[in-house]
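According to TrEMBL, the protein carries these features:
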- 55-79: transmembrane segment (TRANSMEM)
- 62-475: domain 'Major facilitator superfamily (MFS) profile' (DOMAIN)
- 110-131: transmembrane segment (TRANSMEM)
- 138-159: transmembrane segment (TRANSMEM)
- 171-191: transmembrane segment (TRANSMEM)
- 203-226: transmembrane segment (TRANSMEM)
- 232-250: transmembrane segment (TRANSMEM)
- 287-311: transmembrane segment (TRANSMEM)
- 323-344: transmembrane segment (TRANSMEM)
- 356-377: transmembrane segment (TRANSMEM)
- 383-404: transmembrane segment (TRANSMEM)
- 416-441: transmembrane segment (TRANSMEM)
- 447-471: transmembrane segment (TRANSMEM)
Amino acid sequence: MRPYFTVTMPSSPKDAYNSVPTTAFPESPDLIIDQVDPLLNTQRRPRASIDCLRWILAVLLLIVLSALWGNIIAFNFSLVCAVPSNSPNYLSFLPQETSVRLRFLAYEQAALTIVVAVTALIGTIGVLYALPRYGIRLVLIPLALLSALVTSCLPSAMIRGFWPTLIMRGLQGFGLAAIVPVIGVFSTKWSTPTTIGTVISGLFAYFQLAPILVLPLSGAICGSGLGWEGILYVQAGICVFCAAAFGIVFRESPDFHPLLQLDPVSTTETPSPPTPYKSIFKTPSVWAIWLAGAGYFLVLNSIFLFAPHYLHHVHGFSATKAGLLATIPPLIELIVKVAAEFGGEKIHRIGVTCRLRLFNSIAFFGSALLLLVLSFMSIHHSFICYSILVASTGVLGLAAGGFLRAVAIVSRQFSHFVTGVMAIGAITTLLLSPILVHGIAPTDNPIAWRIVFWILGAILVLTNTIFISFVNGRPATWTRSHRFSTRPPSTRTLIRTYSLTHCNSKSSSESTVIN
């Protein structure tokens, strides 16, 4: 009788582990998409091609997310750019005989931002439900196209008054709902345990990249003959182009991506473990991450959204110059963020928990201190005030080595859910930031802005104190699963794995059957 395989019983689990070929259990802790899993009938993929494609898709996704956030920023800047239609430098795409009131009142401007947050919050619940069922491409692309369509319709709505504009802004918020949940799902499907933290932190750079790209372009369009309407039309076109490019290239899984040029094989994917919702909500480290994220996004939302407004109305810069100057804070923060992301990996003399606390404390406490200094500066020293504002946002980039890094460390394969809840917190801060700014400083009084900076600094101190008190630099107990486990497998698992590997390879060498 011709045997199928031979199994030699090892004397100990250690001997079993050492006797298994390296092809059966690679040393790299990468995910199943990068390595052979002997229990599945899959082929080994070229690592270089997967790594290259992973980063290409991450960059394309970052651009799409930046375009979605850019639609929100473009509207805010169009309000700063808007000038009376009798200006000699004003060229409107709309009928010149139309009388337009573009100077919305303070409470109307706040409502136009709040409605975006409300619809984004409602949409996030739907996105969290739809993403596991329909995938990123069927959820993100339609929402991006909807956001672009609404952005192109905003000029017509704005000339008709507050209520049509409010409706269009509400529809625009649904596109915003997909950003953070998509980051979590993409990082889970296309990342490895060693790169998931970098991917999450890199995709969150949409928050800085959008104003860097949108504000100078909007300032240039504002200074040209295209006027405030041109800002919205151009931004809508960019969003459509980015969404189309991503939709063409992206696939939900490396198993089905045509650019990998793999021979078709029969695959049986391991079902994803159920998300332990109750355990996640009972973990103090996760709550520390969520609260730190809420403080982070509240400060950046308040500064990035209203920096052109603050520079234009408080310090007297022109709309074009205010748009250019408002790009520097997110640019500096992005540079610091990249440096913190890669620099943090080189620090090995201190533990992971201490490293998370150190980076987050420097970011949050440093920004709070600079905002306190800014609040006491005279508006007559505009350049010094602007420099302090840039520094206060730039130092927040160190949070990439803090709570953003902790997301991947603590939640690992369930980071998509943790980032999804963080999305709800981020959108909630978008709801609060216009209330904070327009509620305290409706007339752009410098004294009122001083109170705004005090509140933002106090929030940073409070949220960071909670973060450093409860964060833990170890994966949570509910993350332990076969997919991410780094412990040596048991003897029985190794014997079964070794047997199935030889069975699938159909070795031609003869062996004996165990009776």
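Cβ coordinates are placed from backbone N, Cα and C, and glycine is handled just like the others.
Those TrEMBL annotations? Automatic predictions, nothing curated.
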Averaged pLDDT, computed only over the residues in the domain 'Major facilitator superfamily (MFS) profile' (62-475): 84
Top partner of the transmembrane segment (447-471) among 323-344, 356-377, 416-441 - counted as Cβ pairs under 8 Å: 356-377
Range from 110-131, 203-226, 232-250, 356-377 with the greatest count of C-beta pairs under 8 A to the transmembrane segment (323-344): 203-226
For the transmembrane segment (232-250): best-contacting stretch of 55-79, 171-191, 383-404, by Cβ pairs under 8 Å: 55-79
Intrachain neighbours beyond the transmembrane segment (383-404), with Cβ under 8 angstroms and 6 or more residues off its ends: 197, 200-201, 204, 208, 288-289, 292-293, 296, 299-300, 303-304, 307, 311, 315, 325, 328-330, 332-341, 343-344, 355-364, 366-367, 370-371, 373-374, 377, 467, 471
Tertiary contacts of the transmembrane segment (287-311), as residues 6+ beyond its ends and Cβ separation under 8 Å: 72-73, 76-77, 80, 113, 207, 211, 215, 317, 319, 321-323, 325-326, 329-330, 333, 360, 364, 367, 386, 389, 392-393, 396, 399, 402-403, 406-407, 410, 418, 421-422, 425-426, 428-430, 432-434, 436-437, 444, 449, 452, 456, 459-460, 462-464, 466-467, 469-471
Whether the transmembrane segment (416-441) meets the transmembrane segment (171-191): three or more C-beta pairs under 8 angstroms: yes
Of 55-79, 110-131, 171-191, whichever stretch has the most CB pairs under 8 A to the transmembrane segment (203-226): 55-79
Residues of the parent chain within Cβ reach of the transmembrane segment (110-131), under 8 Å, 6 or more residues beyond its termini: 72, 75-76, 104, 138-139, 143, 162, 165-166, 169-174, 176-178, 180-182, 185, 305, 416, 420, 423-424, 427-428, 430-431, 433-435, 437-439
